Structure formats: C-alpha cells, structure tokens
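Contents: one structure, followed by commentary.
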Amino acid sequence: MTSPSTIKQKFIAKGHQLGVVAVGFSDGQPNQGVDPSGLIEAGLLDQLRDDLEYDIRHDGQVHTYAEFVPEHDPNHRGMKKPRTVSAATQQLSRQVYEHAREGRLVLTLGGDHSIAIGTISGTAKAIRERLGREMAVIWVDAHADINRPEDSDSGNIHGMPLAFLTGLAKDDNEDMFGWLQPDNLISPRKLVYIGLRDVDRAEKRLLREHGIKAFSMHDIDKYGIGRVVEMALAHIGQDTPIHLSFDVDALDPQWAPSTGTPVRGGLTLREGDFIAESIHETGSLVAMDLVEVNPTLETLGASETIRAGCSLVRSALGDTLL
C-alpha cells in the first residue's frame, strides 16, 4: 500500500497541491498521437490523488491548442511549423506559470518534447518572481534537444527546445518564440543531462563550448546510476529548485517501445525510477514533464510504455518501494 511522501518540499508553498496540465500536442515532430490520454486512462491521476494524497488541480482537458494553429505556417530558418509550436508553447507557458506562481508543484503530461519550451519557461518565470532565484533543469533523454534551427538536420522543433530556453537560439519574431523573455530562460550552467546516447555533432560542440554538464549512458555504465545522480545533484547545488523534464525515450525500448525516436542501449525502468526518486528526495522538485509517450506507435508495447510512464511520475512525486 502506497502512502504519501514524508519528504519536506523546500520550494512548494501549497503543500500537496499538484497543478496538472495535460497536453496532446505533436507538432514538434512528425508522428501524430503523442498524447497523455493513455496515462490518464490508466489511472495515473487517481493514483496520485488516492495513494499519494495529492490535491489535484486539473481542468479535465487534454489541450491540443488547435485553436491557436495559424492558417499558414511555412518553414522559417529550417524550422517546421514554427508558428504553431510557438503559439502552443506560449499558451502552455502561461498555464504552467499560473500553477507555479501559486506555489503548486506542477506536472505536465505531454505531448512531444517541444512542449518544454512552454513548461520550463513558465516555471522559470514563476520561480524568479516567487522565490527570487534561478532554477535548474534536469533533462533525462536519449537526445540533447539543443539544436539551433540552422544546425538541425530534420527541422523538427522537439530537437531544439533547450537551444531556445538557454538563449543559444533566438528569434525576433513574436510569433516564432520572440515572446521568450530573459525571465523565461535558464542558464546553461543550471542544465544537467542524464541518459544521452544519440547526440548530433553540432550539439556536442555546444555542450563543450558552454560547459554544459552531461552524463551519457557511457557514464552510467562506468559509474552506476547512483553515482551519476549524485554528481548531477552536486553540480546543481542543494538550494536550487529543480524542474525535471523526462522523455520516455531515455528508457531502453525494451521498457518504453511506444515513442517516436527510440534508441537502443538506454536506461532500465528501475534506473529511470531511481533518478525520479532521488530528485524527489532532495525536496527541491518544483515541476516535472513526462513526454513522448505515443501509444499509436509499436501498439503491442503501448501498455508497457504507459506503465513505465506512470511509474516514473509516481516515483518523482514520492512513491517508494518500502
């Protein structure tokens, strides 16, 4: 029987209030069907409410942001659907900001990883206003997602969010991420990756040039997941709010096959849960994203992927083995 967490949360003003935003947005990449409905139908929100005793604040909708999609959205700087992704993430940023400003822990269920432009920008702004400090981002993913538009081979914006969020990519057009202001951004020094194993050449160069802390699967194989998480948290520092952005493709396809860009040689589900548990234990978590669950891909593995996603969220929000 699961019981609520006893870990004191340092940066959450409203105790067990959990702001939830469900986002069925797929336009940052080519595969439709990236949607959190399977997670919700599997009982994830009920588990968080009944077992972990969260006071859930959710509007009951899965937001697609279809009403914000422009009639014409030609490529810009190589980006595909830039106005669509910009409009959706700007709206999501406002939603996350409202929850975080009220002092709630925020959970966003995606959606492809382009939505992090919205979630992280909203959390960063709220934390600056409410606490007067910068937050850190722990990005758990097979991919670095820090391509600048001109460096991207695909043009898919789900491979670019961290370039915009760190200010390494900018655009002056309001309808193409020009709405991002300094208080929406994070410092590259406050970004840590875990689980990388498919990183583009230009991204490797950016990581080196800007001294961004990154732990690949090589590091996990060498040191073990426990030591890697220790080093990641030490880099961030003890008194720093944490936004955890978890792409389910960080897990090996054995555990999460129903995702758009699976890469073999990834985390086990237990390693993924350990990362989430360890971040919860710090008491510093202020927001979490779970993204790239797509039950329409590898349909035979859809239930396995959904179970894995639910486990990662529960672990980050205080579920324990004992």
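Placed from the backbone N, Cα and C atoms, the Cβ positions cover glycine too.
When Swiss-Prot records His143, Ala144, Asp145, Ile146, Asn147, Ser154, Gly155, Asn156, Thr261, Glu292 as binding substrate, the matching candidate from Asp73, Asp200, Asp219, Asp221 it lists for that site is Asp200. Take the Mn(2+) 1 site that Swiss-Prot assigns to Asp141, Asp145, Asp247: the candidate from His113, His218 listed for it is His113. Long-range Cβ neighbours of Asp249 (Mn(2+) 2 binding site) (same chain, at least 6 residues apart, Cβ-Cβ under 8 Å): Asp141, Ala142, His143, Ala256, Thr259, Gly260, Thr261, Pro262, Val263, Gly266, Glu292. DSSP assigns Asn147 (substrate binding site) to coil in the three-state reduction, outside any helix or strand. The Cβ of Gly155 (substrate binding site) lies under 8 Å from the Cβ of Asn75, Gly78, Met79, Lys80, Pro149, each of which sits 6+ residues away along the same chain. Using Asp200 (substrate binding site) as the reference Cα, a 10 A cut-off selects Asp145 from the binding-site residues His113, Asp145, Asp247. Of all Cα pairs drawn from His143, Ala144, Asp145, Ile146, Asn147, Ser154, Gly155, Asn156, Asp200, Thr261, Glu292, which the record names as binding substrate, the longest spans 19 Å.
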